[in-house]
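A short worksheet on the structure shown next.
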Amino acid sequence: MEENPLQCTICKNEFEEPILLSCQHTTCRKCSTGSPSCKSCSPIPSTSRSHTPHPDKLAAFLLDASKEEMEECANCEQISLPMFYCETCQQSLCLVCRNVTHQARMFSSHKIISSDERSKVYSSSLCKDHNEPYILYCSDVRKLVCIQCFNGRPLEERHSFISIEQGHRLCLERIEQSAAKLRFYQSERQEELNVRQRVLDENASNFDDARASLYQLCQQIIDTVMTTRETLAKELVKQQEQSDEQCKRQIKEIEAVMGPVRLCLFSAQILCTTASKLDVLQLCPQLQKRIGVLLDKTIDKLPVSSTPDSIEVRSDLAKALEPFLGMSAAWCPISVSREGSSSNSYKRGSGSHKAISMLSKFQATIDLAGAFGELFGKVEHPLRQLVTALSSTSQQVLETQRDLTIRRCIIEKEDVEKLVKTCKKIEAGLGMHSAALDGMQSEMQEIWQEQLDRVRRQQIIYREKVEEILNLRETARQILTAAKQLVPYVSCILNMNAMIDPKRCHPPDPAPMESICLEITGIEPNSQNRILAIEKEEENRRLNQEAKKKEELAGQSAVMKTLKHGKIKRKEMNRMMLNTNRERSPGGTDTALTSPCIRRLTTALKEETASELDAEEFLDEIFELSGEQYDEVVDGTLTEEDRCSSALLLSMEISSDSISPLPSLEQLLGRIPLASRVTSNIGFSRGAMLQSLNDVFALQKPPTPENISVSEERNVLASAVRNAEKRKSGAGLPTNSDKDEVIEKEEIEKETEKEKKKVIRRRVKKVSEPSEEEVTTFTFNAPPDCPFVPQEIFESDEKLGTFEAKERVLQSLKQKMNQKTE
């Protein structure tokens, strides 16, 4: 009998202030006071006991709808069925008043419906926040909104607003879908409830039959099997209690779920039929949420029904009767699942095919050999046919039952009668087969007696072997005791030997290579351990080599630290470096030499070594000019070709660890190509060479205020130098008187220069013939340091190119070097 969904399950009365619990049950507020859990499903553990009960709006709405009274007619104030309702006038009308008041043409646009179709609004039609009437429905949050709520939403969220009519249709569709799922859920649970109820009844009848058969069997040998009977009866009762308890618990769970299911279905029916649109829109989310919670609930699977065969009655009784009747449990029917347990070793078989299926082919061949096999073959083949027919018929009966109960199909009567006839035929065949087996029992008894005699003989042999094994075990225990007594003597002797001769106690360790070979040979060819061992040895070998290299480098660095340092480095301010990052002209000349960009060499750029300083001192001594050689100098003015010819005076590459030799005669005379005479470090070698030559020439020919002009600027353009030389070329060559004056002043200046310890580098400009006219002087912009080139090397009427000028200068320097060495 189904309960009223609007009735409390505790007080059995109609709801008063209904509240919703976490288990989806609805009770009265006064019934749930002081109870932390639901009384209907208290045995079921609750997953959310901290859930605070809140009012059940669905139940309250159903209560209000069920108590709705018929309204009186607004015109005659009487109730006469049928009643109508004018939605335009918002008034109730009886049939007479409707015909009287709404017959005029002016009332033709009024919408009049039956009072049964009218849906009364029980909830508020105004917004709680703004006290404005609802005009739209938001499909995202599933709430009614007023004009203020609509204006307060941003523009990107206003796409979810729909009219109340559309929202009403949408909610009705959702309710119908959820209700359909809930109906299907209800049908499944109802079917499970019915199945478990039938299982409960079947278990009761089956266990009653088993108990009766057990008592009948035990009466024959009541004295010997009384204890066994009580034990088996307790096991039966225990299994029955477990099965009944599980079924009852599941039945209680399903019954507890059915109450909220009926309430939700009733709510869905009311909302879809008589509820107003606003009520549907407001209560639809709650109903769907509750339906979803109910659909998520699951019920445990149906417990496996146990039969009396699982208790293994015959096997236990055979074991109990074995001391009295001499019957062994091995003669009982073999079960399908034969395990090693003493109490569950054998089960009753339902046919010979199960016994044979548990045996191997070899065992079946041995057991079926001889006379027993011939007799067994007469009944085995017909029995297999009957088993196949029985299996097919049982499957057909099962499908027919499912068609009737689950699929709700219509079954033809002829089909059922055909199944009944088939079952009767199979039963008759089994009866005939059983009679044939009973007739064969006498013949098989003789065969079994012979086998029993053979078994007895085998048992005698077995007992002899058991006694022999027992004797051997006793002997083994005695030997073990003797061996244990020898252990302290052996350990004492070994300790004394270790004190006397320790080497004999510990065998020598194998060599490293031998241990590696033993380890590798003990590993499988393709094993991971062997690969790891090889990789480990390779890694150790590599680490040893790196350690040796580090030791060698450390020794070399220690030796280098013990060496003496060279001479004191000169100041970096006196070093020059030529910027060689210039493009060369198509004719082969270096444009950087015509107007070189000279810069000071800083410590960060290059550091002089002692060998470089020694090489410069050696060059200073070689290129030192005497006074007689200087007398031959005619003019000290510089031309464009002179400056260019001194650019590649000598090419000398000086490394940090060795000094390159001076250029050979073939290189100076131009017999070897120019490219072989120019080194990669041309900037440094040229600067060192020119610096030494300037020092020598400055000492031999000190400048005077009359014939020099000092240039403080660093750079000078080649075109400016060329124009200045052209302007001075008209003055002529210097006279011999000027030379004498220079020689006399030279000796005086040598002594003063030694005291000053400072070399003043000047560029001297001479005027061939003194005149009262002003001599035009040109201020150089810090020209690069170049050696003084005597004018007598070149003929006055000969115009030489840059390459020829370089060759003339190199030949002159070579001659001076030869004179110096002689």
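Using N, Cα and C of the backbone, Cβ positions are placed for all residues, glycine too.
Swiss-Prot annotations:
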BINDING   Cys73, Cys76, Cys97, His102  Zn(2+) binding site
COILED    526-558  coiled coil
COILED    738-769  coiled coil
ZN_FING   8-42  zinc finger
ZN_FING   68-115  zinc finger
ZN_FING   122-164  zinc finger
Long-range neighbours of the coiled coil (526-558), counting only residues six or more past its ends (CB under 8 A): 516, 519-520
Three-state secondary structure, which DSSP defines for Cys97 (Zn(2+) binding site): helix
Confidence summary (mean pLDDT) of the coiled coil (738-769): 52
Under 8 Å by Cβ from Cys76 (Zn(2+) binding site), same chain, sequence gap 6 or more: Cys94, Val96, Cys97
Set of same-chain residues at least 6 away whose C-beta sits under 8 angstroms from Cys73 (Zn(2+) binding site): Ile79, Ser80, Met83, Ser92, Leu93, Cys94, Cys97
C-beta crowding around Cys97 (Zn(2+) binding site), within 10 angstroms: 20
Neighbourhood of His102 (Zn(2+) binding site) by C-beta distance under 8 A, where only residues 6 or more apart in the same chain count: Cys86, Leu93, His110, Ile112
Structural state census, the zinc finger (122-164) (DSSP three-state): 13 helix, 11 strand, 19 coil
Secondary structure tally of the zinc finger (68-115) (DSSP, helix then strand then coil): 10 helix, 11 strand, 27 coil
Environment of Cys73, Cys76, Cys97, His102, the listed Zn(2+) site - residues of the same chain whose CB lies within 8 A of the CB centroid: Ala74, Asn75, Leu93, Cys94, Leu95, Val96, Arg98, Val100, Thr101
